[in-house]
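Visitor: According to TrEMBL, the record shows the following:
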type     : residues : note
TRANSMEM : 52-75    : transmembrane segment
TRANSMEM : 87-106   : transmembrane segment
TRANSMEM : 126-146  : transmembrane segment
TRANSMEM : 158-178  : transmembrane segment
TRANSMEM : 255-278  : transmembrane segment
TRANSMEM : 299-321  : transmembrane segment
TRANSMEM : 341-362  : transmembrane segment
TRANSMEM : 383-404  : transmembrane segment
TRANSMEM : 416-434  : transmembrane segment
TRANSMEM : 493-512  : transmembrane segment
TRANSMEM : 524-544  : transmembrane segment
Amino acid sequence: MFPVCQIIASKSYTDCISPVLDTRSLTFDPDTTHNFLRLMEGNRKAHHGGGWLLSGIICINILILGCALVSGSAFNSVAITAVHRQIFLIILLLLTMLWMLFYTVITSRKDQAVLFKDSHAGPVWLQAGLVLFGLLSFLMDIFKIANYVGYLHCDSAVKVAFPVVQAVFLFVQTYFLWTHAKDCVQLHTNFTRCGLTLTLSTNLVVWMAAVTEESVHQTEIYNLNINMSQKFYRASYGDKKCKCSHSACDTFEEAFYYLYPFNIEYSLFASAMAYVMWKNVGRIVEDHSHHKVKFRPREVCLGPVTGILLVMAGLATFILYEVQILKEDREKTNAALLIHFSVNIVIVSLMSLSTVIGCIVYRLDHREHVSEKNPTRSLDVGLLVGASMGQFLISYFTIVAVVATGARGYLNALNLTWAVLVVLQLGLQNYFIIEGLHREPFHVIQEAALHTNAHALQENTELSAVVDSRRSVYFLASCPDKLSWKRRVLKEVCVFLLFANVILWIMPAFGARPQFDHSIEIYFYQYTMWTAIVNIGLPFGIFYRMHSVASLFEVHLTT
């Protein structure tokens, strides 16, 4: 048996055993190698169990402290203000950037520090989304700086310093995740685990702060006795007596509030990538060549067309809904709610129907389920199911409220129908995405068939002389560009669901709040309880739609 250190420190198995055996005469059994690598990885995890525990403790403590500060600063309290929260966030951001610089400059550049790369971690679409949301978050910080500068004469300078530090953090973290997301680091493992959990918890605390501030901004307090509503939000600069020194403060404030959804998604994307890196610390990955899957828009037609039409219709009705709601006229509000409920019912119904079609095709498809360990896929499934609980929460509370009050009136009937269909659609879509993520990719099946048939050709002595010259022709014949009907249907369903989830993300992310504009739930649960339910469930529901878009794109590529 060869020493563990030699195998871990070697970049190939032959380098490790070459001093003892002539590697040219060796034949490695794939199953034996696979089991050996799993055994070695398990031994390393057992040896470094203290690092896992310590990093987990750090993450939990930062999250709980951050949650307490964010929750405390969300109210008009003298003891804990937005300044205290921002000082805490600045400290977290600076510590996280220091660790990222240490990892980039020192750890990653050492010999044998990163011997393995996880080909599934940090795919291109995830990195592209991170960069896009990062740029929009940077723009949000620019607007915040321009807004808060107008209050420096009467408010704390911390409120200008925080967006400055966050803007620098966006650049440092985006570069770090772009270049190191696939790393399976083998040196400084305990310190790296602690640094990654610091990164993870920092992004989650920033996410909690953004969600809380955006939710407070969007929350409406209704005076049910006179059927009037007024917008309630506490400006993050605090005292209303503090006046802005320039005339553009209101414009900048409205602008950066519209960019909050992108900052929220950026924090969640970064958290997911940091978690996968944490899972990959010390991991020994088998040397499989990762097949680069190309996105071919010409492969599908019906799904993109219907999806784009659905997005355009949803945007038109969303704009109309926002305009009518702001007029605070009961008849116009009811008309806006009628249009909003009807469009959402149509969207969710079409999504449910297309998902059922996709599930039927899965039943006819005989691809095997992937059994290989994959932290990225496990995280995708966990986030998908966990985030859907937010929308389930709101839907079931709505169903109980409407049914208990008798569901009288067309708006109550539409609201009930929408809630029931959302529950159905979430269950079907979760099944469709999870099944697609766990199915063997088609390109893997094609490659396996190619190798099997090529081996059969080589065994034929009469054809062995022409195998090499015909291999390229055989590959083209065995992997035709024309899709089978099952693959085409699955791709069409994926693209249609992708666009439908985009519009269902846009409407609540940019201000649609039918949960408050339609007052049946407020009557039933009272304002305080219903506000808590919506402010907890809605951010998860918004993230669910965006995460579904990413997962559906992944399923589309592997189908």
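In case you wondered, yes, glycine gets a Cβ from its N, Cα and C as well.
Note that TrEMBL annotation is computational and uncurated.
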Visitor: Can the transmembrane segment (158-178) be said to touch the transmembrane segment (524-544) if we require at least 3 CB pairs below 8 Å and skip pairs under 6 apart in sequence?
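Guide: Contact criterion not met.
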Visitor: Find the member of 52-75, 126-146, 383-404 that has more C-beta pairs under 8 Å to the transmembrane segment (416-434) than any other listed stretch.
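Guide: The stretch I would name here is 383-404.
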Visitor: Grab the same-chain neighbours of the transmembrane segment (126-146) for me: Cβ-Cβ under 8 Å, and only residues 6 or more beyond its ends, written as numbers and ranges.
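Guide: Residues 160, 163-164, 166-167, 170-171, 173-174, 177-178, 181, 248, 252-253, 255-256, 259-260, 262-263, 265-266, 269-270, 272-273, 550.
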Visitor: Between the transmembrane segment (524-544) and the transmembrane segment (255-278), are there three or more CB pairs that fall under 8 A, provided the residues in each pair are separated by 6 or more in sequence?
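Guide: They do touch: at least three Cβ pairs between the two stretches lie under 8 Å.
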Visitor: To the transmembrane segment (524-544), which of 52-75, 383-404, 493-512 is linked by the most Cβ pairs under 8 Å?
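Guide: Selected stretch: 383-404, with the most Cβ pairs under 8 Å.
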Visitor: Sequence-remote contacts (6 or more beyond its ends) of the transmembrane segment (493-512), Cβ cut-off under 8 Å?
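Guide: Contacts with the transmembrane segment (493-512): 218, 258, 261, 300, 302-304, 306-308, 310-311, 314-315, 318, 321-322, 340, 344, 347, 350-351, 354-355, 357-358, 361, 429, 432, 436, 538, 541-542, 545-546, 548-549, 552-553, 555-556, 559.
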